[in-house]
Structures are given as structure tokens and as C-alpha cells.
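Visitor: One structure follows; several queries about it will come next.
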């Protein structure tokens with residue numbers, strides 16, 4: 001196919017011609033997948049076009065589904081590379097080609113064509129449609145890895161040569177093996193590079209990071225799947241996955257050296273200038289970008305694209321995972337807007353976002369559809385950060401100044417953590433700010449502070465996923481064919497105590513083996529039993545831990561339990577002894593861990609019911625976590641829950657605990673169960689048939705006999721496969737420790753029960769006692785104590801209601817103290833100034849006033865005294881000791897008549913600093929400083945007098 005088009009290659013036209021070409025080759029257009037991969041927990045964001053086709057590559061797709069019938073496809077995939085393995089965030093703005101959001105033009109073959117056709121399509125499109133000069137194109141093929149048994153991709157090489165490409169433009173590359181991650185689909189690839197300069201042989205510059213010889217297309221030939229152990233297995237069908245960077249291609253076709261110089265970005269730059277009034281974008285980099293404004297243009301333009309697309313796909317800035325990456329991006333961009341472009345923040349990105357919708361909304365209609373939601377979320381987040389940005393930057397400036405004063409090159413890591421923890425400064429933003437001042441950050445100290453904080457807030461329990469043994473699609477297929485290993489009977493998880501069971505499978509290093517005798521000591525492996533009392537992680541409830549034991553012979557410590565299509569795999573390691581197929585064992589879960597899990601799960605049901613009763617029937621569960629130390633419940637509700645409403649919800653929940661009603665659970669026919677009056681089920685959840693129904697206070701059999709009875713609405717009725725207490729009184733207590741919004745229209749409640757609830761109450765009471773004690777203190781002790789208590793109260797995991805009450809009370813005490821401090825300071829200030837005035841009234845002929853003032857080192861009062869001396873035309877030197885802080889403040893003023901005799905205020909202060917230590921500075925008529933040698937203040941006063949006399953009496 002050739003193109004007769006000879007007009008300008010606008011970005012829109014480039015994309016359009018790509019689409020037209022692959023339509024003509026019988027490819028099906030498949031809309032881009034969401035940038036937020038909800039169904040793929042291995043990814044933060046979609047970062048390649050192949051993500052949505054993983055099930056096809058792995059052979060797990062339903063062959064009767066639309067996706068399963070797909071043979072050829074094309075699209076432009078929305079990609080975000082920020083966070084995780086593929087992270088370009090910190091490079092954005094520094095060069096001409098890095099982006100956190102970009103489009104990836106791609107075509108795919110699923111078991112249809114392979115290398116020959118893929119290479120043909122690539123060459124034809126680039127040379128005949130887009131008209132790129134053949135002599136400026138270079139291609140690579142995989143050079144092979146003999147040590148790991150992977151041969152050179154001679155097939156791809158020969159196909160390229162058959163196109164008539166000069167042999168010295170066909171280059172072997174050891175890096176041409178593409179993998180999505182540590183595991184998963186992979187295979188050799190073949191890249192196409194373009195030389196922007198031309199008129200030369202640029203083969204030696206390919207893959208050499210030369211900005212003028214750049215990769216524009218990559219053809220991946222997916223032949224293998226890499227397993228957890230690193231081995232490669234051939235896939236049942238071979239596939240083609242290609243990706244061409246849209247922004248790069250546009251820059252090549254528009255003959256621009258930078259992606260940012262194309263019409264992909266120019267409309268955004270124009271709008272940035274309109275909103276900020278900054279100078280126009282001039283395309284400078286590095287040291288040439290003297291004022292940093294061009295870098296800011298690039299960062300802000302990139303980030304508004306990323307945010308617009310991620311939010312349109314349901315992403316929400318928050319403190320976890322991908323949500324935190326989005327928050328980092330918004331905050332990084334906001335600082336560039338404020339600091340470099342000189343514009344106020346609060347609603348900047350929502351004002352810039354419409355230009356993204358205008359230029360890309362027709363290709364990606366979700367942008368247009370979600371524009372209102374995007375604006376709301378952007379404004380909320382940006383306005384929130386605007387409240388802490390100034391305070392955080394001031395604190396950063398203090399840390400940076402202190403670092404430089406100490407002659408250090410790195411910011412203290414604990415300080416960097418504090419900037420994050422208190423002011424919301426992501427570490428990469430602080431790192432960027434430090435780099436601007438020629439500083440780094442101490443990463444080790446930061447990590448230590450972060451870890452300390454996590455342990456302090458979450459306890460020492462760690463969920464180690466790194467060593468988790470997993471069954472993959474191949475293992476499950478093998479189990480299905482193995483009659484000796486049946487699916488696990490886990491019905492005993494609902495009972496108390498241990499059970500006996502038989503070892504049916506031992507899984508180690510991707511193999512089912514007959515005995516553990518060949519397994520290395522302390523190595524993790526998996527055990528399958530015919531029946532188990534362990535709960536496998538599901539429905540928000542965490543897994544059990546415990547032991548699989550042959551008394552006196554073997555102890556297998558279970559550290560994780562997961563279910564795979566009905567097979568319950570117990571992961572752990574041997575403390576001693578061995579296990580073999582057929583062994584009779586005792587299945588013994590950890591009751592101390594299970595007990596709070598049961599309490600928290602039943603408490604979650606109670607909370608769900610009470611939310612509906614207080615807030616209304618619109619409450620729908622959107623997520624939950626049942627852990628040993630807390631429960632977390634996410635639900636649909638548009639507004640923040642008021643304190644009176646929270647009090648009612650908590651009180652009603654506690655009433656259910658006090659009622660001490662029985663908790664019933666039993667399997668029912670799914671169709672029948674769905675009809676129960678007052679049933680609560682998770683929207684969109686696929687439930688098994690039969691389904692387990694959990695009811696508070698009424699026997700499930702009684703409910704099943706009369707499913708339409710409206711009285712079932714007066715209690716909690718839920719579908720649930722989790723473990724629960726026998727009666728609600730076992731929960732003991734219930735305290736809501738957090739209520740917050742995690743996304744638009746989604747609220748979150750965190751609560752604790754049992755011992756954790758008692759501990760929360762204890763901490764709250766101790767904070768209350770401390771506040772009462774501080775109310776009776778005075779002065780600095782009270783001031784320091786209130787500041788410390790304010791920080792502790794903010795971080796404490798206590799009742800939301802008690803925290804609000806204590807905060808209000810503390811604020812009242814703080815306000816009264818601040819008023820008292822101000823009044824006292826005013827009185828002291830007045831007395832200090834009056835003392836100077838009185839001195840000169842009594843000694844009008846005196847030229848100078850010296851004093852050590854009792855103002856606790858208050859530099860502001862010293863300055864006021866100095867100013868008064870200046871008004872009177874008199875020379876002044878005053879000192880004040882801050883005994884508690886171990887500092888001495890000092891300030892002076894030299895009248896014009898004394899200056900004429902050769903006394904310079906800076907020299908005078910320097911003489912004093914020689915005695916007091918510290919630093920001093922100022923102008924010739926006035927200077928000030930802070931010293932550290934408190935005991936030397938009288939000596940410093942003496943030196944000040946002598947220095948004055950030596951000049952004045954000369």
C-alpha cells in the first residue's frame with residue numbers, strides 16, 4: 001500500500017494513516033485498554049499495548065469470547081510509565097523524549113501471521129505510506145544468548161535482508177529480547193531506528209543513546225513464557241506484538257529534533273502561557289534553560305496528559321500504589337507551576353486539562369465523558385497541596401540551609417521523610433528540590449525513617465509476598481489431570497480446632513514431588529492436603545498461619561495460604577522432619593491470629609449494616625480488608641460523614657456487640673439466597689452456587705423458609721465465605737479510628753475491635769490526661785508541651801470522635817496561651833523599649849546604650865529596641881540569652897556620627913561573634929547575630945563596649 005498524501009504530517013494525520021493501513025490489512029480495531037489495569041495486580045499502570053492481551057498470550061483466554069476469537073488487532077494504546085519497573089517520571093522535562101504518558105501505536109497477531117508478515121507491514125508503512133527514506137532506516141535482530149540456550153534470530157535477519165536493506169543496516173543486538181516483567185510472555189524482538197541526520201552510515205550509533213538516531217518501532221515475536229524460576233517455556237501459539245512510539249514518530253515526520261516541538265504539545269504550551277503569563281516556550285535544555293521555564297513547560301504539559309488520562313480511567317490520587325504515583329505527579333507539576341512559571345496553584349491543572357480533551361477527546365472519548373470528574377478530582381488534590389506547599393518549602397529551606405551550614409552534601413533522610421509525612425512532599429519532589437541547590441538526600445536514613453514509621457503505625461507483622469509459592473496456569477492444568485490430587489475440602493475452616501488430614505501434593509520449584517527430602521533447609525515450598533482447617537486469603541480476609549504437624553516427627557510452619565481454583569496451597573518451610581505424599585498430618589491454624597480475624601470480619605458486617613441504617617440504602621461495599629489488627633471498609637457515599645453520624649454508627653455497632661446475638665452461617669441455593677429481604681451483596685461480585693449466607697441473630701434455615709419476610713431487613717444478611725465469631729459479644733469492643741475519602745464518591749472507615757480497641761481507648765485517655773496536666777502549666781513548658789501533644793494527637797490511632805474532641809479542646813488551650821504569650825511579649829517589648837528611652841532621657845548627652853535584656857533571646861524585641869535607638873539617632877548594642885535553647889541573640893545600630901568615626905556595625909558584630917560563636921551579618925549601620933556561648937555574654941558585652949570606645953574616643 002502506498003500513500004498519495006503529501007500534505008503536512010499533523011499528529012492527527014499520523015495516527016489516522018496508521019489506523020487506515022492496518023484496517024486495510026484485515027486487522028480489527030480494539031480500543032486502548034484503561035491506563036489503570038484493574039484486572040492485573042502486577043502492574044501499576046498499562047505501560048505497553050500488550051497488557052490487555054496477556055490472557056491470549058498465556059492461553060488462558062476463553063476461546064468463545066470476543067477476545068478469544070481475535071486474530072489480528074491494532075490500536076493506539078494509552079501508556080503511563082511512572083512508578084514500578086518502567087518509571088520515566090524523574091527524567092521528564094530534562095530531555096526531548098521522556099514522557100510519563102505516551103501513545104503506543106501497535107499491531108498484533110494472535111497465532112496468525114508471524115515474523116515475515118510483521119516485518120513486511122513495518123517496512124511498507126514506514127517507507128511507502130509515511131515516505132521515510134530507506135537509507136536512513138536501520139534494523140536490529142536478536143544476537144542470541146548461547147549460555148541460556150537461546151539462538152540468534154536468523155529468521156528475522158533474513159526477512160529484513162529480503163526487503164533489500166543494505167546488510168550494514170541490519171544489526172545484531174544482544175539487548176533485543178523483550179520481557180514485560182520478571183515473569184510472563186517474552187521473546188526476541190526487532191527494532192527499527194531512524195537517523196535524523198542522514199547522508200552517513202549511522203550503524204555504529206544504533207542503540208548508543210544518540211538523540212539523532214532513535215528507535216521508532218519495535219516488533220516483538222512472542223514465543224516464550226518466563227516462569228518464576230527464570231526458565232523459558234514455548235507458548236502454545238506464537239504471537240506478534242509491535243509498538244511504535246507515537247510522539248517519536250510524529251517528531252520524525254515533522255522533522256523536529258524534540259517530541260516537545262511537535263503539535264502533540266504545542267497547543268498545551270500555548271495554553272500554559274495563557275494561564276501563567278510566562279515567556280513563550282523556547283526549547284532549551286540543561287544549562288541552556290537558564291531560568292528553568294522550558295523544563296517547567298515540558299513537565300507540566302506531560303503531567304497534565306498523564307493526569308487527564310489516568311483520572312478518566314478511574315485512577316484517583318491517594319497514598320497507596322498507583323494512587324500515590326498520581327499524587328506525586330500532580331504535586332511535582334504543581335510545584336513547577338508555582339516555582340518556575342510563577343502562577344498560583346489550586347485549580348491550575350483543571351484549567352489546563354480542557355486543551356488535552358480538545359486535542360485528543362475524539363480518539364479517546366472517555367476524556368470528554370469524564371471531564372467533570374477529572375476537574376473535580378484535580379481541584380481537590382491541587383487545592384489540598386497548595387495548603388502545605390508553602391509551609392513545606394519553608395521547612396525544606398531550613399533543612400537545606402542547615403545542611404549547607406554544616407558543609408554537608410546530603411539532606412538528612414529523617415528530614416526528607418518528615419517532609420513527606422507531614423507536608424505531603426513525595427521523596428522524588430524533595431530530591432528534585434535538593435538537586436536544584438546542588439544537594440542530594442541520604443537515601444539510607446530516609447528508608448530507615450520510613451521503615452520506623454511503618455512499624456510504629458502498623459506493628460511488626462509483615463506479609464512477605466516475595467517468597468510466596470504460586471500455582472500458575474500450567475500447574476493447574478496438571479492438577480486437573482491428576483486423579484490422585486482432588487480439590488481441597490476446606491469446610492473445616494468454619495469450625496474450631498485442629499483436624500487430621502492427608503498430604504496429597506508437595507510443590508517445589510515448579511514441580512510436584514513425592515517427598516520433601518530433597519528440598520533445601522529453610523526453603524519455602526507448598527503443601528496440598530485432602531482437607532484443611534486453614535483459611536485461604538479471600539473476600540478481603542487475610543490468610544491463616546499455623547502448622548502442619550506429625551506429632552514428634554515433623555513441623556511444617558505455614559506462613560501463607562492461597563486458593564487456586566479450589567486447590568488450597570499452604571506455603572511455608574520445615575522447622576524439622578520431612579513430609580511425604582500420603583502422610584497423615586494435623587492441620588493446625590494459629591488461633592491467636594484467627595480470633596481477631598473472626599472478630600474483625602463480623603464487625604465489618606455489623607458496620608455495613610449500621611452504615612445503611614444511618615446513611616441510607618445507597619451504601620454499597622466497594623472494598624474491604626479484614627486483618628488481625630484492624631478492619632477497613634470502603635463504600636459508596638458522596639459526602640464526608642459528620643461526627644454526629646459517626647457517633648451514631650459507632651454506638652449502634654457497639655449495641656450489636658452488647659446484644660451478644662448468635663452468628664449463623666450456611667450454604668443456600670444462589671437463586672433463592674438472592675431473594676432474601678435486606679440482603680447485602682457486593683456489586684459485581686461473582687458468587688458460587690451454592691453460596692454461604694451469614695446472618696446475625698436468625699438461623700439461616702429460618703430465613704430460608706420465609707425469604708420475603710421484611711424483618712430480615714432489621715439485621716445483617718450477607719453472602720460471605722469468611723470466618724466469624726460465634727456470637728457478637730465475642731468482639732468485645734468497637735472503635736472507629738479513621739473516616740476519609742479515598743476517591744470521588746467513595747468513603748473509607750477503619751476500625752479496631754477487641755484488644756486493639758482497648759489499646760486505642762487507653763492511648764486516648766492518656767492523651768486526655770496529658771492535656772489536663774498541660775492546662776495547669778505556664779510559659780515555655782506549656783508551649784512546648786502543647787506543640788508535642790498536637791503532633792502526637794495527629795498521629796495517634798484513637799477514636800475519630802475522641803480525637804476531634806481533644807483537638808477542639810487543645811485548640812482552645814492553644815488559643816488562650818497564644819494570647820497570653822502575645823500580651824506578655826508586648827509588655828516585655830514595651831518595657832525594653834521604654835528602658836532605652838528612659839536611659840537617654842536621663843542621660844541625653846550619652847551616645848550609646850548597652851544592655852543585656854531579659855527577653856529569652858527574642859530577636860524581634862532586640863530589633864525593636866535597636867529601631868527605637870535609630871529613631872533617637874543613638875548607637876545601640878543589646879543582648880539577650882535564651883538559656884533553654886542555649887543561644888545568645890545580639891543586635892546593634894551605629895548612628896551616623898559614630899559611623900563617621902570609623903565604627904562599622906558588621907565589624908562590631910563580628911568582634912562580638914568571636915566571643916559568642918555563631919554567625920552575624922547585616923549592613924554598615926546595623927547588624928545582628930546568634931551565638932552559642934551563653935556563659936560568655938558578659939565578656940561579649942565588655943568587648944562591645946571596648947570596641948565602641950576605641951573608635952568613639954579616638
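All residue numbers here begin at 1 and follow the chain in the order shown.
Note that Cβ sites are derived from N, Cα and C of the backbone, with glycine treated the same way.
Just so you know, TrEMBL annotations never went through curation; they're auto-generated.
Feature table excerpt (TrEMBL):
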BINDING   601, 605, 720, 724  Zn(2+) binding site
COILED    803-834  coiled coil
DOMAIN    9-763  domain 'Alanyl-transfer RNA synthetases family profile'
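Give me the structural setting of these features: burial, nearby parts and distances.
Guide: Residues of the same chain lying 6 or more positions beyond the ends of the coiled coil (803-834) and with a Cβ under 8 Å from any Cβ of it are 643, 764, 767-768, 771, 774-775, 782-783, 786, 789-790, 793, 796, 853-855, 858, 860-861, 864-865, 868, 878.
Across the residues of the domain 'Alanyl-transfer RNA synthetases family profile' (9-763), the predicted structure has a mean pLDDT of 89.
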Visitor: Restricting to the same chain and to sequence separations of six or more, state which residues have a Cβ under 8 Å from that of residue 724 (Zn(2+) binding site).
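Guide: The list for residue 724 (Zn(2+) binding site) reads 598, 601, 602, 605, 663, 665, 694, given in order along the sequence.
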Visitor: For residue 720 (Zn(2+) binding site), which residues in the same chain are close in space, meaning a Cβ under 8 Å from its Cβ, but six or more apart along the sequence?
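Guide: Counting only residues 6 or more apart in sequence, the Cβ neighbours of residue 720 (Zn(2+) binding site) under 8 Å are 539, 601, 605, 665, 692, 693, 694.
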Visitor: Could you name the residues, excluding 601, 605, 720, 724, of the same chain that surround the Zn(2+) site, i.e. Cβ within 8 Å of the Cβ centre of those residues, in sequence order?
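Guide: Close Cβ neighbours, site residues excluded: 598, 602, 604, 663, 665, 694, 718, 722, 723.
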